[in-house]
Structures are given as structure tokens and as C-alpha cells.
């Protein structure tokens, strides 16, 4: 392929050379092309309809700064469809029937998790060399959306494994991966990501938990808070300060550790009774003179902050997928109800006020799905996806809340009643604007990444 430039340049498609046509022909607006092919596009590159149709027929071609490159296709592979259908059947047949009961009791859904693990719906992202399926981020997102459609409380309990494992996948030694990832493919074990503290949520650099090296061990003291799977995990990823100097930059002040949950000195607190996602296990954890062997340090002392933050580029797309799954469920429930409920002699879906609200909900869900798929695809290509991951996480989290609230509105009084499913969806949705980086933190990241493109 040759690289297109301004009008009159030649591009080669399927071994056929075509000229970019002059402005006398019908020109496809750049904004439309940019939406269909979400890559950067040179402002001087104009495409005629004829060339556009040829490019579209290839399905995997896009423009990037004036060059033709391969891009992603929205058509799923047969394998992806199989995983999606497997997760969908499991969600409908196993999760939805018991979701309300688990929400009322707050009981940890281990029987459901065990069944999901047996089907390969848990830990699929673990590399094949350590016993996993080695699924891509995109593939994992497809599964996550389907499970979240049924119950985000159960899905979050499952997804917490991904967050806890990701630092080990990204930064663990071969021995660490074999020991801690390999065993999770042999039995349904859980893990957790221990970073947040009572005084350090969004401000990760404010972490107070200390790890002091003593011989061949590190002695840890401190308290963590809001740890998903905190009381059910078999091991933790722990971020602790190893540099006493408060002026030391975060990039050098913290170290990442793998900590076995049965290590003496670890004291899980009580399970928190939260607004939503109630069957997910969330609690504080106290570390009192906990001794960790130096072999459990990830990479080296001082590398922990980068490891902990780097995990989010891989885990925020699935979080966005979970929010999208919840939003899709809310839309489906509201649509079915609107077609059945009658007022003034006709279904409320036939009233423009309701039909337009459903249309807005549908638009939001589709765009949230596109956002998480783009962010996952970028990461799977080996590219830094921080910008897209934060966009997906922020947008899908907001959409989940908006669509769930609109679903309650369409249900009217019934939507406010726990006998109907949408009030649970509304409660469950809120956390998507809080965990794994608040909606405000995502906007800080997006602004930083966006402005950085112009300030180079």
C-alpha cells in the first residue's frame, strides 16, 4: 500500500491503484469517516464516496495521520461469539434467578463463582503458559458485559480477581506467576488488590502503610480500606511505602508485594453493607507486623506505584464493559415494561415522551459499548491506552447511572419497589463512578492526556 496525502495522490487497495478524487466529486465528511474509523486522520486527507466504499469493503482498513493501517473490526470471531454466548447463557440461567436473593442477603456468591470458574468464565486472561486461556482484554470484556447484565455484584466479585492478578501478570517473575497465577487455574481461588486506604483513595501517593526491610523480609504495618474480595482472597497484591522520606516521588517511594492471606498479622475487618453490589465482599484489612519474604517483591523495591497504576490500563476497559452490561439490562427491562404497560388506552412505549427516552438510552448504551471496545482493542495492540481506558470508564460509568435512573422513571412507582429489578440496577450502578478511579479522576487523566497531545 502507498501512503495517501493530498488530493491527486494515489492509494493502492487490493493491488488496484486509485487516485484521491478532486473536490468536484462528492466528498465524505471527515467527521463521519472519523467516527466510523476511530483513528487520527490528517485534516488534508479527503476521501470520495467511491474510495470510501472500497475501503469499507476491506472492513479492517483505517486512516491514521495520513497512512492506511489495519484497524479493528466490529464483527466478532467465531471464538469470541462462543465465549459471549457461553457467558450469556450462564448469566441468564444461573445468575439472574438468584441475583435478588443474594442482593437481599449480602451473602458471598461463591457457588455461582465456582460454576463460572468451572466453565472458564473466571481468570480467562491468565496467560496460557500458566494454565489460563490467555484471552485478550477485548475477549474478557465480552464476557464481563454478559455477566454484569445479570448481576454486577457477582460480576464484581469475579472481576476483582482480574485487578488483583494484573500486577502479577504485568510485573511478576516466572516463579511468582507459576505459584500465584497457576494455582488459580487449578482451583477456584480468589485474590484482591490492596491499595486504597482510609486516607488515600484517589490520592494514591498519600498511602501510609509502611514496609520496612529486615534481613530477607519486609515487615508491613498499616490499614487498607474498601478492598473487594478482602475477606475471601487467598492472596493480595499490596502496595506499601518503602521510602521513609516524604519528599521522595511516588514513582520511587512504593513497592508492590504479593501477600498470602493466611500470613500472621493480617486481620480482615467486617464486611461492609453497601448501597449496591451487596453480595460483593468489601472490607478493610489491617496489617500488623506482617512479614513478607523478599521473594514476593514485584520487580524491585520502589517499582510498586508504576505497577499498581499500570494495571488500570488493562482493568478499566472491563469495568466499563460491566457498566455497559448493567445499562443494557436497564434498557431491556425498561423497553419490555414500556411495551406491556398501558396508559390512556395504549402502551406507554407509544407515547413520544417514553419512546424518545428509550431512544436516548439506546444511544448511550451503544456508545458506551463502542468506548470500551476501542479501549480494549488499543491495549490488545500493545499500545498505551490510558486515554481511551479513562474515557471508557468515565463514560460507561455515567451512562450506567443515567440509564438505570431512566429505567426507574419508566417503571414509575413500580420502579421504586424492590419486587421489580430496576431499583437494584440503580443502586448497583453508582459504584461505577467511584471504584477503580472516580469519575472526576478519569476526567483529570483524560484532560492530561488530551492536552499532552498538543503540548509536545
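We number each residue from 1, going along the chain as drawn.
The backbone N, Cα and C atoms fix where each Cβ goes, glycine too.
In TrEMBL, annotation is done automatically, which means it is predicted and not curated.
These numbers come from a predicted model, not from an experiment.
Around residue 436 (active site, proton acceptor), the same-chain residues at least 6 positions away in sequence with a Cβ under 8 Å from its Cβ are 163, 312, 315, 316, 319, 393. For 436, the entry in TrEMBL reads active site, proton acceptor.
In the three-state DSSP scheme, residue 197 (FAD binding site) falls into the strand class. Per TrEMBL, the feature FAD binding site maps to 193-202, 226-228, 341-343, 351-352, 409-413, 438-440.
Confidence in the domain 'Acyl-CoA dehydrogenase/oxidase N-terminal' (77-186), given as mean pLDDT, stands at 97. According to TrEMBL, the domain 'Acyl-CoA dehydrogenase/oxidase N-terminal' annotation covers 77-186.
What TrEMBL records for 192-290 is domain 'Acyl-CoA oxidase/dehydrogenase middle'.
The annotation domain 'Acyl-CoA dehydrogenase/oxidase C-terminal' is assigned in TrEMBL to 302-449.
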Winner by Cβ contact number (other Cβ atoms within 10 Å) across the binding-site residues 193, 411: 193
Secondary-structure category, per DSSP, in which residue 228 (FAD binding site) falls: strand
The domain 'Acyl-CoA dehydrogenase/oxidase N-terminal' (77-186): DSSP-derived helix, strand, coil residue counts: 86 helix, 0 strand, 24 coil
All-chain count of other Cβ atoms within 10 Å of residue 351 (FAD binding site): 14
Number of Cβ atoms other than its own within 10 Å, given for residue 197 (FAD binding site): 21
